[in-house]
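**Student:** Have a look at this one.
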């Protein structure tokens, strides 16, 4: 089993028999298209509809993930890891998503995306401390990552002077998301390393199921649960359709 290549499916269509370059082209094109639509929808929802509820947004997104995974045919019988394997991963995953989406209420999308693109540095640093990885990188890679962060700082200073939607609160929130991302990527890699039979579908399914309860306390403490529910009930029908499209392309 460990030496066998995992079957690849996209919307129920098998890609396994296609050449590697076609698999890569199809999947990478789909990724960039989905990410583009995701960015457009997120900024529309937060800045045009003024729906600034990151924890609730992530909560609903989790159920959409589960629905799509169910349509893909995944069941718990296909799991190869115990549920407890995903507790830490789920906590940082939901925290990262909630803070990232909530930061859009205080930052424009390009600024947020620039911040998120620098997660390579915290991921590299944390990779040296995660059990099962203990990864070390050469000095020139740390220098490259540091230069990336310096570029971000210069971009942020310029954006703070010109953007009408820029707040220090958003910077703090997206920085917190970066800290959680430093654990997230390494924890995912550690699970795949310790058990190569783990599928990406299992990873997404289990981290979502285990992670959804972690979103309830912040939703209650911030009052988002009831505010967001009331806000959704007031959105006109066309905007509700657009809102669902945003959830569909998240990822």
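Each residue, glycine too, has its Cβ placed from N, Cα and C.
TrEMBL lists 21-41, 53-74, 142-160, 166-184, 204-221 with the feature transmembrane segment.
Let's see these features in context: how buried, what's close, how far.
**Tutor:** Long-range contacts of the transmembrane segment (53-74) within the same chain, counting only residues at least 6 positions beyond its ends with a Cβ under 8 Å from a Cβ of the stretch, are 9, 12, 45, 94, 97-105, 173, 201-202, 204-205, 208-209, 211-212, 215-216, 218-219, 222, 224-225, 227-229, 231, 247-248, 250.
Sequence-distant neighbours of the transmembrane segment (166-184) (same chain, 6+ residues past either end, Cβ-Cβ under 8 Å): 54, 88-89, 92-93, 95-97, 99-100, 102-108, 111-112, 115-116, 118-119, 122-123, 125-126, 130, 156, 159-160.
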